[in-house]
Amino acid sequence: MLCPWQFAFKPHAVKNQSSEEKDINNNVEKDVKVHSFVKDDAKLHSLSKKQMKMSPIITSAEKHPQNGIKASNQISRCPRHVKVRNMENGSSLLDTLHLTAKEVINCRTRACQGALMTPKGLVRSTRDGPVPPAELLPQAVDFVKQYYSSFKELKIEEHLARLETVTKEIETTGTYHLTKDELIFAAKQAWRNAPRCIGRIQWSNLQVFDARDCKTAKEMFEYICRHIQYATNNGNIRSAITIFPQRTDGKHDFRVWNSQLIRYAGYQMPDGSVIGDPASVEFTKLCIELGWKPKYGRFDVVPLILQANGQDPEIFEYPPEIILEVPMEHPKYEWFKELDLKWYALPAVANMLLEVGGLEFTACPFNGWYMGTEIGVRDFCDVQRYNILKEVGRRMGLESNKLASLWKDRAVVEINVAVLHSFQKQNVTIMDHHSAAESFMKYMQNEYRVRGGCPADWVWIVPPMSGSITPVFHQEMLNYVLTPFFYYQVDAWKTHIWHDETRRPKKREIKLSILAKAVLLASLLLQKTMAARPKVTVIYATETGKSETLANSLCSLFSCAFNTKILCMDEYNISDLEKETLLLVVTSTFGNGDSPNNGKTLKNSLLTLKLLRKNIRYAVFGLGSTMYPEFCAFAHAIDQKLSQLGALQLTPVGEGDELNGQEEAFRTWAVTAFKTACDIFDIRGKNSIQLPEIYTSDDSWNPKKHRIVYDSQTMDLTKALSDIHGKNVIPMKLKFRQNLQSLKSSRVTILVKLSCETNQEVHYLPGEHIGISPGNQPELVHGLIARVKDAPPADQTIRLETCTEGGYWASEKKIPACTLSQALTYLLDITTPPTQQLLKKLSQLVTAEGDKQRLEVLCHSTEEYNKWKFYNRPNILEVLEEFPSAEVSTAFLLTQLPLLKPRYYSVSSSCDMTPREIHLTVAVVNYRTRDGQGPLHHGVCSTWLNKIALNETVPCFVRSADGFRLPKEPAKPCILIGPGTGIAPFRSFWQQRLYDLEKKGIKGGDMILLFGCRHPDMDHIYKEEVEEMKRKGVLKEVFTAYSRQPGQPKVYVQDILQNELETKVCNILHKEEGHLYVCGDVRMARDVAQTLKRMLVKKLNHTEQQAEEYFFQLKSQKRYHEDIFGAVFPHEVKRI
């Protein structure tokens, strides 16, 4: 006979825990269990002691039975509580509730499994028979105890009577049934115990619908329809659960096959694309195979597939009127409606299992209401879902080709704004993720007060956006399983035993033996096919990961026809070089033309090789920035070395400019390399190879996709620039401008002072950068407008619109509504030489055959293009003058010209010394192209700052430069090296030190300035101010290098560094742990670094390797600071 009392008065754990069951928090045995039925235990014991002898309750003071295990082998018992801390406010909570945890959900191995989607401990599989009574009874007793413990007043008699009833029912039938009140209690507790739910603060308000009398799938459907209508409530969403009959023997289960009651279909098309929700593709196929007629829309609600009493499933379509959907719109962006998005109002999970006291309810759909990010981030933005992020970013005019622009973050915020706005406008319940996080913190604190714990899965609780600015991010959490509980289940269609085999979806079942043979055969055929293909090795070197991304893309492309593998350069064995058939190299250039760190080994190994015994083929693509003179230098060095070794170049070196269409350039180069390789290696069927989608986009200009419409609004330049660049642009005024060079000098360096409006403030630190958004020269703008065939009136505001795939016109958000003159002056880059991609599109607009032929050569020959570009350095107006038959439209310029990027300058003032002002030191750039014989070109920003009138607006913003700040310890000595305008940030340094000395009484450490210029009477800028700083004790010593004194040898800063400051520099850096700052162009910085390394070799008796390591340590310790800018003008042009 079954006896409940042996379980009723034991601790919470019924059976002795073996070493296999570990506590999920401490990974030790659960030797201690807390008795959850605390109040009046003695009374209940006295009532039952006639029937049985009560087993002692285990406490932490009692000794464990030996059980034949040596004491030395015992695992220490887990603590009575675990402390969870809040990193934000320093508070802590003590969790004891976890001691009653039921399951081991993960982390029983050495590898943490906390981020797995469905750990084994959270999944319940099917059963082959009923739960044995001996297993069921203790779980039933435990649940009954939990239920009666929930009452404020004890109901001992009712509790005992219920225990006897349950015991008899299990004894006679093998199972038992919950009362309706117990079912309601269980459902609410299961929600309360759900560790992955952030919205549990509403757990006690759950509406429970008891559908245990249901017999058929049709009745299930009727219950679910009533559930949806109740829960939707015209948008005022109410949480509810419908519970169908419990599992009996595992062969008569009730199941809802859908993962959610409402979900959109996903249709896999023949070309591999998906219409609708990609997450629903598999289930949608199942619906179609079961007889549902697809509609092939983006937002088709899939039907319900319901299984009653273990029978084959039936399919039901919802009446349209019971599904509430919310069309998406944005409070600011009108074009958001044009995306034609919507979402259903009711989130209802349908495929989980409710476990209560050993009973399993396999069909129990339940709902809450949406948190905005569930739709706005996961459903709309996940790559594997609707994936609208890039489209939204494009419409917002964001730089989606540059991750550092944070375009994804800006776009996802606006998408979530749209979701919240749309639901609120339709009066449909939704909660933003910040409010949800706040409510969870309140719930968690209350649960610790009431229950002594709160199971929570941090990975799921923290919302998918905003991270550490939500309070839950900073809260430690314990994750454990209590009972009652909602478990995951294996998809029903994967386990269902069909009664009518004719209705079974076609699974194309194959016997295991046949399948094994087929797999083996396919494997052998694949190996044979791959072995027959020419081998290609792709190697890459990277600092930021961009080269690796492109190398993987290249590998995918070549895998269409070649046997490819990919390696990082530091994994590549140089001895394999002669074994290669085709070697593809993708690499960035680091610093002053050096290799990335993971390319140095290969670089050194290549230098040791003399000649290859086999003629391999190769191709190289380089990434870099044309701001620097050593653009793609490492890529060219590899190309040159491989050529010297006798390797054959497949295609010319490709170059990807970070500032101008890098990915476009890579795709063009990659396709060219692939097609050339297919020709050389005579690949069969090369003309019918299906390339990856990324390589098949059309680069041609289609004028029918764009149009210009007139607009009445005027552009707010500051707001427009803020939106375009994602910066807090401040409209400052030009207060003062002074030429710092002598009037006898042919060059100009200006001190620019900008001031705030009276109602504004600006904050910055010495050494930080100021971004200036300049204007292009009026002469250039007017000349360009004169070449536009459909230029609108000068003062007419225009708006660019693009035709979408659906055929409607949408405003293009790359640039706002403005006049053409404003766009060409402030928003678009008209001075940078056009890319090959732009020239290719321009070739469509020329009418003269000669122009067309020349443009075709420039488009397809990288060598010719580079010669042309570096010799002419043409702006877009000069290009149109070179190809006079080109007829460009307003839409062409607005869509094809790149955005005008801000120019950055080191701040030359102290915010404390000159509040509400920004001072800049600017070299005005003028140069002639074509070896000095070409047209006169001007630096965009420097010329603009030198020509605008006083009090004219200068849009600017502050950019942090964390690596170029004064020492945190003011007493540390500093060496400042800055020739020319490299002195700019050091002026902010000495002004700050002077302010600290005179206003705060803080005496800074020794500061030595090493300046360089051409001639003492020409361009020795800030000479008097520097002398004053020396007199006041702010600067201890000042050294100046003059490179153009008549009759004197050229002296540069690195010469003085080595000849006059060798001992001093080594003492400051090595003994006094001081700081060294270098500001200037990249060549000077490289020379200073090399000089310093030679000094270290000499003064510290270091080897070259040790000097390199010491130099690296200085940088790591943030005691060697560089503020380096690219060459102001390239080698091929001559400055005047």
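Each Cβ is built from the backbone N, Cα and C atoms, and glycine gets one as well.
Annotation comment: Swiss-Prot describes C107, C112 as Zn(2+) binding site.
According to Swiss-Prot, the feature heme b binding site maps to C197, Y488, an assignment based on similarity to another entry. All protein chains shown were included, and the count of other CB atoms within 10 Å of the CB of C197 (heme b binding site) stands at 21.
The Cβ neighbour count for Y370 (L-arginine binding site), using a 10 Å radius over every protein chain in view, is 26. The L-arginine binding site annotation in Swiss-Prot covers Q260, W369, Y370, E374 and rests on similarity to another entry.
A simple way to gauge crowding: the CB of R378 ((6R)-L-erythro-5,6,7,8-tetrahydrobiopterin binding site) has 17 other CB atoms within 10 angstroms, across all the protein chains here. Per Swiss-Prot, the feature (6R)-L-erythro-5,6,7,8-tetrahydrobiopterin binding site maps to R378, V459, W460, F473; the stated evidence is similarity to another entry.
Taking the Cβ of T589 (FMN binding site) as reference, residues of its chain lying under 8 Å away and at least six apart in sequence are, in sequence order, S595, P596, G622, L623, G624, Y628, E630, F631, C632, A633, F634, A635. What Swiss-Prot lists as FMN binding site is T542, E543, T544, K546, S547, S588, T589, S625, C632, E658, Q662.
Residues or ranges marked as NADP(+) binding site by Swiss-Prot on the basis of similarity to another entry: R747, T981, R1014, S1043, R1044, K1050, Y1052, Q1054, D1087. Y1052 (NADP(+) binding site) falls outside any helix or strand according to DSSP and counts as coil.
When secondary structure is read from DSSP and collapsed to three states, Y905 (FAD binding site) falls in the strand class. Within its own chain, Y905 (FAD binding site) has H769, I770, I772, L920, T921, V922, A984 as residues 6 or more apart in sequence whose C-beta sits under 8 angstroms from its own. What Swiss-Prot lists as FAD binding site is H769, R903, Y905, S906, T921, A923, Y927, V940, C941, S942, and the listing cites similarity to another entry.
Confidence annotation: the domain 'Flavodoxin-like' (536-674) carries a mean pLDDT of 89 in the model. The feature domain 'Flavodoxin-like' is assigned by Swiss-Prot to 536-674.
Marked as domain 'FAD-binding FR-type' by Swiss-Prot: 727-967.
Annotation comment: Swiss-Prot describes 512-532 as region 'Calmodulin-binding'.
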Query raised in the report: Out of R747, H769, R1014, R1044, which has the highest number of nearby Cβ atoms, where nearby means within 10 Å of its Cβ, if these are the binding-site residues?
Result: H769
Requested in this report: Please work out the helix, strand and coil residue numbers for the domain 'Flavodoxin-like' (536-674) from the DSSP assignment.
Outcome: 59 helix, 36 strand, 44 coil
Query raised in the report: What other residues of the same chain, not counting Q260, W369, Y370, E374, have a CB atom within 8 A of the CB centroid of the L-arginine site?
Result: L346, P347, N367, G368, M371, I375
Query raised in the report: W369 (L-arginine binding site) to C197 (heme b binding site): how many Å between their Cα atoms?
Result: 12
Query raised in the report: How many angstrom lie between the most widely spaced Cα atoms of the (6R)-L-erythro-5,6,7,8-tetrahydrobiopterin binders R378, V459, W460, F473?
Result: 18
Report summary line: Cα of V459 ((6R)-L-erythro-5,6,7,8-tetrahydrobiopterin binding site) to Cα of C197 (heme b binding site), in Å and rounded, measures 11
Query raised in the report: How many neighbouring Cβ atoms, not counting its own, are there within 10 Å of the Cβ of Q260 (L-arginine binding site)?
Result: 19
**Report entry** C-alpha spacing of T542 (FMN binding site) relative to R1044 (NADP(+) binding site), in angstrom
**Finding:** 40
Query raised in the report: Across the record's NADP(+)-binding residues R747, T981, R1014, S1043, R1044, K1050, Y1052, Q1054, D1087, the largest CA-CA distance in angstrom?
Result: 24
Query - Intrachain C-beta neighbours of T542 (FMN binding site), sequence separation six or more, cut-off 8 angstroms - result: E548, C568, T587, S588, P596, N598
